[in-house]
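Peer 1: What Swiss-Prot lists as active site, proton acceptor is Glu91, and the listing cites sequence analysis. Residues or ranges marked as active site, S-methylcysteine intermediate by Swiss-Prot on the basis of sequence analysis: Cys338. What Swiss-Prot records for Cys111, Cys115, Cys118 is [4Fe-4S] cluster binding site, and it gives sequence analysis as the kind of evidence. Residues annotated as S-adenosyl-L-methionine binding site in Swiss-Prot, with sequence analysis given as evidence: Gly164, Glu165, Ser196, Ser218, Leu219, His220, Asn295. Summarising the annotation, Swiss-Prot assigns disulfide bond to Cys104-Cys338. As annotated by Swiss-Prot, domain 'Radical SAM core' applies to 97-333.
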Amino acid sequence: MKTNLLNYDLQGLTRHFADMGEKPFRAKQVMRWMHQSGAQNFNEMTDLAKSLRHKLNEQAGIEIPKLMMSQKSSDGTRKWLLDVGTGNGVETVFIPESDRGTLCISSQVGCALECTFCSTGRQGFNRNLTAAEIIGQLWWANKAMGVTPKNERVISNVVMMGMGEPMANFDNVVTALSIMLDDHGYGLSRRRVTVSTSGMVPQMDRLRDVMPVALAVSLHASNDEVRNQIVPLNKKYPLKELMAACQRYLVKAPRDFITFEYVMLDGINDKAQHARELIELVKDVPCKFNLIPFNPFPNSGYERSSNENIRVFRDILQQAGFVVTVRKTRGDDIDAACGQLAGQVQDKTRRQQKWQQILIGQQG
């Protein structure tokens with residue numbers, strides 16, 4: 001089987017070329033061709049010797065996930081569905097803003113964490129994505145979006161907030177991050193690359209040490225009782241441990257704050273009392289809040305908080321001195337909004353039926 005060079009960061013690519021008896025600078029050349037020029041085969045790499053191109057064609061390949069579908073929302077949001085084999089697809093979403101272009105990338109096919117308000121979690125878990133499948137999302141989007149009239153990349157920011165829990169696919173995510181940050185890859189700043197986690201504490205500590213990019217934490221609750229209910233991972237790493245891990249992460253983080261994401265669920269976590277509990281919870285963690293109006297999906301069992309509840313919640317946090325944003329709903333018409341990245345995942349665990357039975361039982 002040929003080696004897919006898209007799975008390698010510069011360090012791995014350099015080792016690969018050394019094993020072939022080639023000089024280290026060849027790795028930099030090939031990396032630039034793959035990620036900066038969007039080359040899909042070695043014959044395009046005209047500054048490589050013909051003999052090396054022949055050798056690479058025999059031993060290696062550049063295998064990018066196949067594009068299954070591309071959609072564009074009325075608000076400019078773009079979504080690509082990529083084929084990762086065996087009938088599975090993963091989604092990546094581009095969100096344009098006036099001052100930046102953000103790409104939201106998936107790290108797994110499905111998700112095993114079972115956050116109760118997340119449509120991806122309801123699909124069950126299939127497998128981790130390879131580094132090539134993760135970076136391939138940026139490759140496709142970069143090719144589609146191109147550069148601005150000033151010759152700047154349209155994609156200026158990357159957030160690992162798509163399907164899956166990035167920390168549960170740690171090694172492949174770190175390899176992909178390394179390619180994103182490398183000047184021979186995409187040359188992104190650590191400050192402009194964000195990994196989101198539901199709170200896998202040991203992996204947060206590892207990421208701080210090996211690849212400290214910006215960090216977002218899917219918090220969604222102000223106390224353990226509510227978080228245990230909606231983010232089951234909290235039973236393993238409760239809020240006290242999570243807050244301590246956030247403090248440790250900031251020692252090496254490229255930004256001096258953590259972003260806490262908080263989905264607003266009507267009657268569950270959106271009361272003034274919850275906002276006041278939050279203030280107490282994060283008092284020792286420099287942070288910003290991103291409030292996310294819930295995006296309803298079939299059989300979710302949840303409703304979006306009212307605009308009034310969101311406003312009151314935001315005001316309480318702001319009056320306590322926190323920077324708070326309320327996420328605008330983007331890409332609703334192409335199911336690209338936060339929590340809707342269900343993809344074309346086969347529901348191997350039949351969790352949809354399980355949730356329907358639970359809801360029927362609650363209504364009876």
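Cβ from N, Cα, C; glycine included.
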Peer 1: Please identify, from the binding-site residues Cys111, Cys115, Cys118, the residue with the sparsest Cβ neighbourhood, meaning fewest other Cβ atoms within 10 angstroms.
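Peer 2: Comparing Cβ neighbour counts within 10 Å for the binding-site residues Cys111, Cys115, Cys118 gives Cys115.
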Peer 1: Which whole-number value in Å describes the distance between the Cα atoms of Gly164 (S-adenosyl-L-methionine binding site) and Cys115 ([4Fe-4S] cluster binding site)?
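Peer 2: A Cα-Cα distance of 11 Å.
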Peer 1: Compare the Cα of Cys104 (disulfide bond) against each of the recorded positions Glu91, Cys111, His220, Asn295 and report the nearest.
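Peer 2: Nearest candidate: Glu91.
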Peer 1: According to DSSP, which of helix, strand or coil covers His220 (S-adenosyl-L-methionine binding site)?
Peer 2: coil
Peer 1: Write down the Cα-Cα distance for Cys115 ([4Fe-4S] cluster binding site) and Asn295 (S-adenosyl-L-methionine binding site), rounded and given in Å.
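Peer 2: Here the two Cα atoms are 14 Å apart.
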Peer 1: Relative to the Cβ position of Asn295 (S-adenosyl-L-methionine binding site), how many further Cβ atoms are located within 10 Å?
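Peer 2: Its Cβ has 20 other Cβ atoms within 10 Å.
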Peer 1: Quick one: Cα separation, Cys118 ([4Fe-4S] cluster binding site) versus Glu91 (active site, proton acceptor), in Å?
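Peer 2: Answer for this pair: 15 Å between alpha carbons.
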Peer 1: Within 10 Å of the Cβ of Glu165 (S-adenosyl-L-methionine binding site), how many other Cβ atoms are there?
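Peer 2: 27, counting other Cβ atoms within 10 Å of Glu165 (S-adenosyl-L-methionine binding site).
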Peer 1: Would you identify which of the binding-site residues Ser196, Ser218 has the most other C-beta atoms lying within 10 angstroms of its C-beta?
Peer 2: Ser218
Peer 1: When the Cα-Cα distance from Cys115 ([4Fe-4S] cluster binding site) is computed for each of the recorded positions Glu91, Ser196, His220, which gives the smallest value?
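Peer 2: That would be His220, the closest of Glu91, Ser196, His220 to Cys115 ([4Fe-4S] cluster binding site).
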